[in-house]
Amino acid sequence: MELHILEHSLKVASIAKEGIQICTHGLIKLAFLPSKTRCKFFSLTETPEDYTIIVDEDGFKELPQSEYLSVAEATWLALNVVSGGGSATSSQPIGVTKIAKSVIAPLADHNISVFMLSTYQTDFILVRERDLPMVMHTLSSEFTLLRVVNGETVAANSTGVTNGFVKPKLVPRPIIHPLSSPSNMFCVTSLDPDTLPSVATLLMDVMFYSGGVKDSGASGDDSGHIRFFSFSLIEGYISLVMDEQTTRRFPNNVLFTSASGELWKMVRIGGQPLGFDECGIVAQISEPLATADIPAYYISTFKFDHALVPEENIQSVIGALRTNESAGH
C-alpha cells in the first residue's frame, strides 16, 4: 500500500452564513471556472452553522479578507492511500473505515490531529504540515511513503526524526461527543466535468441561493432535516454530497451513482464546535465501523464532523457507536 503526500499546501476556513455573499464571486470562480485560476484543490461544504472551505494557496488568493472569514491556523497537507498503482483520484474508493486501523488509529495514538475529506473518488487525510515528520515516522512501517512533486510520485525522504520518539501507550477511545442522525438521506455522487456548464446555474442556486429551503414535498414538521451540501473539485475530479431531495432537481443521467444506487444516512459528531486540536475524534467513529465492516464516508467541517453510512446500516451503526459512547462514562 502506498501513502501519497500531495503537493498542495492547504488552508481550512469557515465562512459565516451571513457573509457568504461577500465570498460568492471567488467561490464561483473556483468551482466553475477552474481554468481562470491555478487552484487544484477546492472543497466547499455547507452545514447548518457555516460554510467550510478547504483550498490550496492559489485558490485562497481568490477569497476576500473579511470579518466573516475565519481561517484555521497552520498549513495543512493532504495524504491519500493508494492501493496499487494509479493516481490518487483514479484509484478505487477506499472508505474511511478501510483506513481506520492502518492510518487513522495510529495517528490518533501519536496525538496527531487529522481533518478528513471523503469524496466520491477517494479519501483525503489532512494533517498539519508541522506534524508531517511524526506522521511519516508513524506510518512508514505500514506504507510506502511517496511525495507527489509536479504530478509525479517520488520517494519521500525520511526526515530523520525517529530519535527520542516513545511508542505511545495504546488506550481505548470511547466516544465523548454527542451523536445525532438527521432525518434526510444523502447521495454521494459525481459528474463529468464536461457536463458542469449545463448544470452550473442549478449548482449555484443549490450552493448559494436556496437558503436551505425544503422541497415542497417535505413534511412541515420534519425537524430532524438539516442543510448539508458538499462540492469538491480536486485535480479535475468533481465530488458532490447532497440530500436525496436536492438530487431530484438535477436532470436524469447527469449525476453518477454507485452500481447499487445506495442512499446514505448521516451521523453528526459534536454538541458544540470541536476545534482542531483534539486528537482521536475520527478514530472514535471509524474504528467501531471498521470492526463491524461498515463502509463510511467522513467529512470534517470547521465546527462538526459527519460520517455517512449506508441507509440499511444506520441502526447497527448507532448501536455500535452508542456502546462505544457509554464506555466513556
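Cβ atoms are placed via backbone N, Cα and C, with glycine included.
Here the domain 'CASTOR1 N-terminal' (9-69) returns a mean pLDDT of 95 for the predicted model. Residues annotated as domain 'CASTOR1 N-terminal' in TrEMBL: 9-69.
Residues annotated as domain 'CASTOR ACT' in TrEMBL: 72-140 (among others).
Summarising the annotation, TrEMBL assigns domain 'Cytosolic arginine sensor for mTORC1 subunit 1/2 ACT-like' to 177-259.
As a summary of secondary structure, the domain 'CASTOR ACT' (261-322) carries 23 helix, 16 strand, 23 coil according to DSSP. Residues or ranges marked as domain 'CASTOR ACT' in TrEMBL: 261-322 (among others).
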